[in-house]
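S.K.: Below is one structure. I have some questions about it.
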Amino acid sequence: MSEKKQQVSRRQFLNYTLTGVGGFMAASMLAPMVRFAIDPVLKASAGGDMQAVADVSEITTEPQRFEWTVEQVDAWYTSDVTHSAWVYKNENDEIVPLSPVCKHLGCQVNWAGNEDYPDQFYCPCHDGRYLKDGTNVPNTPPDAPLDLFEYEVKDGTLYLGQPVPREEV
Amino acid sequence: MKWDTIDLKTYFKSKEYVDTVCIPLVPLNLSNETDAIKFANYQQTIQIIAKEVERNFTGRVLLSPVYTYFSEGSYEAEQERINQWTELMFGEDFKHKFFLTFDLKWKKEEKGLDGTLLWLPASMIEDYQSEVTKKWIMDQKSQVSELIRSFWQ
């Protein structure tokens, strides 16, 4: 019995305790650092919020305007922000979700908004025009095509993400 | 363009494209509860509509901060002050000035105003989230937008 009691000497006991406590302290300092280091991996992609916008069956070859509301939270208050998109199906049966925000100064463009150009998007502010695929018409104020939304179709519903700018054509 | 740092920077860069200003007129009163609440509701609603119109015409319309006044003061005197204020603020740069309001007393003073009065019949909104309200606001927005557009042509 007495021999067994001697198995852990005072020195060993102190060593174990100090290593244990020291290790614990080191771990509690390092763990958050590791967390910081790999943080971008853990973060849900900020723009990845897809919003249900329309039923795929509603989408035709003629651009239609769809609106949806997103709750936007900033540091001070929460507000509802309305977004819109012009959506249609092209010849290849692909969905084309265009941002309605004019690339000139940000007004909302309308499909067939001008009687003289029934198959173009028209900006009422400064007569900017875009073809059906969103390409800006040269010699009108806009200098880039309309943004295209990220999109996905799930169970017959169209979800839209962030508008993505395109290069000038 | 809204009255914030980002949009005002854009405004000073693209001044020549912005020829329209929209000024919401909102009456204030704290002497009786009914009016105070009613006017607070007006203010909230008119700002929602104004912001929606601004969103529609961001590149050409500047949305002014709300112009407020005491609801039981003299509208004649107020009208002069508004004219002076808009002249000093927006002067020659803005060809089109629109006053947006739910206050029906302006309808009578309309002629004296140095700009176009857009008086909208008010409705007390209890629930801003309801579908009926949203639809009503969208309707107001598209009618006001159409009217403003007609002045551009």
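Yeah, the Cβs are placed from backbone N, Cα and C, and that goes for glycine too.
Sharing the features that TrEMBL gives for it:
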DOMAIN    A:87-160  domain 'Rieske'
TRANSMEM  A:12-34  transmembrane segment
S.K.: Below 8 angstroms Cβ to Cβ, which residues of this chain, lying six or more residues outside the transmembrane segment (A:12-34), approach it?
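M.R.: That would be none at all.
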S.K.: How many helix, strand and coil residues does the domain 'Rieske' (A:87-160) contain under DSSP?
M.R.: 0 helix, 29 strand, 45 coil
S.K.: Report the mean pLDDT of the predicted model across the domain 'Rieske' (A:87-160), rounded to a whole number.
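M.R.: Within the domain 'Rieske' (A:87-160), the model's average pLDDT equals 93.
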